[in-house]
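Now, the feature entries from TrEMBL:
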type   : residues : note
DOMAIN : 1-58     : domain 'Ubiquitin-like'
REPEAT : 108-140  : repeat 'ANK'
REPEAT : 181-207  : repeat 'ANK'
REPEAT : 231-263  : repeat 'ANK'
REPEAT : 265-297  : repeat 'ANK'
REPEAT : 299-331  : repeat 'ANK'
Amino acid sequence: MLRVWLASGQQLAAVPVEKVQNVLSLKQHLQGICGLPRFRQRLLGDGISLADDVELESPMDLQLVLLHFSCASLEQADELQSAAKHNFVSKVEEVLYRPQDPDLRGIAGESALYIASERGHLEVVRLLLEAGASKDVICGRWTRLTPLGVASREGHREVVMLLLAGGSGGVDRERRDRGDREASPLYLASLRGHADVVRLLLQAGADKDEAFVFTYFQCDPDQLVCSEVTSTQTPLGVASREGHTEIAHLLLAAGADRNTGAGRHDETPLYLASEQGHIEIVRLLVMAGAAKDKCSGPWGKTPIRIACSRGHVEIVRLLLRAGANIDDCSLEDVFTSDKEEDIRRLLIDAKKATVSSGKNVATNF
């Protein structure tokens, strides 16, 4: 039996020899008892500090010393940031063993965990989490993001998995700390097209309809006046706009609202996909029951009207087959030269079919 004693003379633990291999594994076991990571533990045998790789093969008495964080200078804090940035795993471990607070920030104002998460340095992230680094701290030069947020933005799937597993807060805690006017990890992953990360976040319970609220200034050069404009965008909206088909499918399968408007002009996902020419996303949204005739955008157009004006022939055809209302469509909507004749023919044929049947014609896809 390995008997571990505190400096006060109190026995902290009695661990069977066969349960641990060396000093390192014993420290990791003791973390669940004393609450401090291995970096802040020192195990003494006969008054001598034992290295982590010392094997524990026979019963003995050990003394455990628990350490406070050392006083670190700004230069020492920067040393940890630099090691995290350049993926110097052994250097990170060396600094943590001083022991140095893993959340200390250097001159740049970013935590080591944020830096490692942004760059996808998995082993450094693992060490910092083991040392007790806060995964919910807000950092970033231009955007206020957590380590989970920045890892999601950059598409580092394994880091995202580690951060989600690294504490009970998860995405719900992340949202509370981040605030309502900053981009969520799910929004950022949807924007950048990281489908694997989107899948992980949805499985972890991320709010699939949480909108990113942002403010910008719009200037009128004639009036020499700038006005503040507030806009929003949902994960499904941004995935539809950017053409990320797999992500749109994941969000719809998770039950994302298919009709929530976004942007200054309340553009729906179907409007955005129709405007940008993303036919597979249009197909997904139509099959999911998205409103085909909702007006949105700066000109108050329906999805089929904006598809006409952009010259997206196949999207116009798909929406017509889905039964999109063409009562307010006119040939004046078509002003793209290369596709003009094809779209005009589609609209004329659809209007003839409407007249003969008395209603819009809907067929399968």
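The backbone N, Cα and C atoms fix where each Cβ goes, glycine too.
TrEMBL annotations: computationally assigned, not manually curated.
Source: prediction; values computed, not measured.
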Tertiary contacts of the repeat 'ANK' (108-140) (same chain, 6+ residues out, Cβ under 8 Å): 37-39, 80-81, 83-85, 87, 89, 92-93, 96, 99, 102, 146-148, 150-151, 154, 156, 158-159, 162-163, 166-167, 169, 173-174, 177-178
Per-region confidence, the repeat 'ANK' (231-263) (mean pLDDT, whole number): 93
